[in-house]
Amino acid sequence: MAGGGVVVQGGAKNYEGGVTSFVLVTCLVAAMGGLLFGYDLGISGGVTSMDQFLKDFFPKVYRKQLNKGHESAYCKFDSQLLTLFTSSLYLAALVASFFASVVTRMYGRKMSMTVGGISFLIGAIINGAAVNIAMLIIGRLMLGVGVGFANQVVPVYLSEMAPAKVRGALNIGFQMAITIGILIANLVNYGTAKISGGWGWRVSLALAAVPAILMTVGSFFLPDTPNSILERGHVDEAKKMLQKIRGTPNVDEEFQDLYDASEAAKQVHHPWTNILRGRYRPQLTMCTLIPFFQQFTGINVIMFYAPVLFKTIGFGAEASLMSAVITGVVNVVATLVSVFSVDKFGRRVLFLEGGVQMFICQCLVGIMLALKFGLRGEGTLTKFDADFVLFLICAYVAAFAWSWGPLGWLVPSEVCALEIRSAGQAINVSTNMIFTFVVGQVFLSMLCHFKFGLFFFFAGFVAVMTVFVFYMVPETRNVPIEEMNRMWKAHWFWGKYIPDEAVIGSSNEIQPNKTA
Ligand SMILES: OC[C@H]1O[C@](O)(CO)[C@@H](O)[C@@H]1O
């Protein structure tokens, strides 16, 4: 039986209180963290395709790129140093996310946002002023620290603030902000490439300071989440915050569940060893495999290297940057589709449809490149061919953007109970970063060696992950965080890992004023 389809309906509680404007505003500010990340993801591809930037920092690549006659199209940009500029950020983010998890737990969600914003700001300044490769890389590392903090804290913040019924949509605010950040970066590159004098790349890199300031300033005004306040032992304050964000004094039932979960969490002194215990095997698996798969959709091949890729297949410099803008727009619009459908149709439908669509598009791009460039990487695309490739890439980006993009953050963050949430999120972010780094670092040389086969390589992964979702990922739509264990318990495979007493309802009732 395809047990992945288990949906827990009866278990979902309808807590009182709706989406208050207070929740919306706080979530909007918090989602700015995603802007930081997105701007960085989107900016490096355009910058590394700008002639002056290559001349200044990577003269060898620049010469190779001009040397049309001797080089296979697939290998024009193959340089480990060039990819290190892009990917070093994700290595720093990886290391930072572990520190961020401690800060998030001990000092609250707000503090992590402030730290992230400030280091991001420093990185943007160093990058904009760079005069050598060392400065470029150091700047990228600082940006990485910012991204590590932001990615650790923002999804958790959003899940904790949102009422269960709109948690999906609000959490996707994070991915939405990432895609808007990418699009802004694409537009900025398109504009700065035209600046005469060749210093446009500086503007591109320095403008990252804008989202950094937004997030830093925003974080001073944000309240902490009730869960985080409780986690640090302030019961009354936590309840007041819950009443405030739900817009009703009647929050006893929800608060009791939060309280129970928080008490249970306090018994756990080592969230890291905890998440390794058998009963958290489903969560550990989701927090590792989902981000791994998200990156092995190959999405960042497009996000990092779209301009380079389009140049490789014969687009002109301006057309390449324009094409990146087009994929950026598709990315934002398709993420919106997810916002409006994730709580209506659920996560699994999006995952599965997205997977099939990505698979088809990747295979067709691989076939097109095989036919037009063959193994030797020589050939050209007609206008029609080029338009068709661009169309396929847009359809692929759209599929990613309503499935693995947002769900890659949403599902791992919503399946973890409080006692493992920081650890689970840290694993999610770091796995995402490791593989963002890996794909970022090896793509240009993979393209050089695998040639058109690269697209089949990623298509293979997409097939595997779609099957994985079908069998192993249960539907989490409408399941309050505190009720997740009930859902795992009902799953054909994961059920055996969940002890009976882990299912809430059988928990001890600690508070004297409990009403439910
Ligand atoms: O929108 C695309 C972007 O989304 C992410 O997968 C994060 O969820 C990034 O790695 C990618 O660049």
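Placement of Cβ uses the backbone N, Cα and C atoms for every residue, glycine included.
What TrEMBL records for 26-477 is domain 'Major facilitator superfamily (MFS) profile'.
The feature transmembrane segment is assigned by TrEMBL to 19-39 (among others).
Taken from TrEMBL, the feature transmembrane segment covers 89-108 (among others).
Taken from TrEMBL, the feature transmembrane segment applies to 120-149 (among others).
Outside the transmembrane segment (169-188) by six or more residues, the chain places 19, 23, 27-28, 30-43, 46, 154-155, 158-159, 161-162, 203-204, 207, 211, 303, 321, 324-325, 327-329, 331-332, 335-336, 338-340, 342-343, 401, 405-406, 408-410, 413-414 with a CB less than 8 A from a CB of the stretch. The feature transmembrane segment is assigned by TrEMBL to 169-188 (among others).
Annotation source TrEMBL lists transmembrane segment at 200-222 (among others).
The transmembrane segment annotation in TrEMBL covers 289-309 (among others). Counting only same-chain residues 6+ beyond the ends of the transmembrane segment (289-309), those with a CB under 8 A from a CB of the stretch are 41-42, 44-46, 48-49, 77, 86, 182, 189, 320-321, 323-324, 327, 358, 362, 393, 396-397, 400, 404-405, 407-408, 411-412, 428-429, 431-432, 435-436, 438-440, 443-444, 447, 454-455, 457-458, 461-462, 464-465, 468, 473.
If you look up TrEMBL, you'll see 321-342 (among others) marked as transmembrane segment.
Beyond the ends of the transmembrane segment (354-375), by six or more residues, the same chain brings 73-74, 297-298, 313, 381, 385, 388-389, 392-393, 395-396, 398-400, 402-404, 451-456, 458-459, 462-463, 465-466, 469 to within a C-beta distance below 8 angstroms of the stretch. As annotated by TrEMBL, transmembrane segment applies to 354-375 (among others).
Under the heading transmembrane segment, TrEMBL lists 387-405 (among others). Same-chain residues lying 6 or more positions outside the transmembrane segment (387-405) and placing a CB less than 8 Å from one of its CB atoms are 175, 178-179, 293-294, 297, 299, 302, 306, 310, 313, 323, 326-327, 330-335, 337-338, 341, 350-351, 353-355, 357-358, 361-362, 364-365, 368-369, 381, 465.
The transmembrane segment annotation in TrEMBL covers 425-447 (among others).
Panel annotation: around the transmembrane segment (454-473), residues 2-4, 285-286, 289-290, 293, 296-298, 301, 347-348, 351-352, 355-356, 358-359, 362-363, 365-366, 369, 404, 411, 443, 446-447, 493-494 of the same chain, lying at least six beyond its termini, place a Cβ under 8 Å from a Cβ of the stretch. The annotation transmembrane segment is assigned in TrEMBL to 454-473 (among others).
200-222 is the stretch from 89-108, 120-149, 200-222, 321-342, 425-447 with the greatest number of Cβ pairs below 8 Å to the transmembrane segment (19-39). Below 8 A, the CB atoms of the transmembrane segment (425-447) and the transmembrane segment (89-108) form 3+ pairs separated by six or more positions in the chain. Outside the transmembrane segment (89-108) by six or more residues, the chain places 40, 44, 115-116, 119, 140-149, 151-153, 156, 224, 228-229, 231-232, 271, 422-423, 425-426, 429-430, 433-434, 436-437, 440 with a CB less than 8 A from a CB of the stretch. Within the chain carrying the transmembrane segment (200-222), a Cβ under 8 angstroms from the stretch's Cβ atoms is held by residues 26, 29-30, 32-33, 35-36, 39-40, 43, 46-47, 50, 52-53, 109-110, 113-114, 116-118, 120-121, 123-125, 127-130, 139, 143, 146, 150, 157, 181, 185, 188-189, 191-194, all 6 or more beyond its ends.
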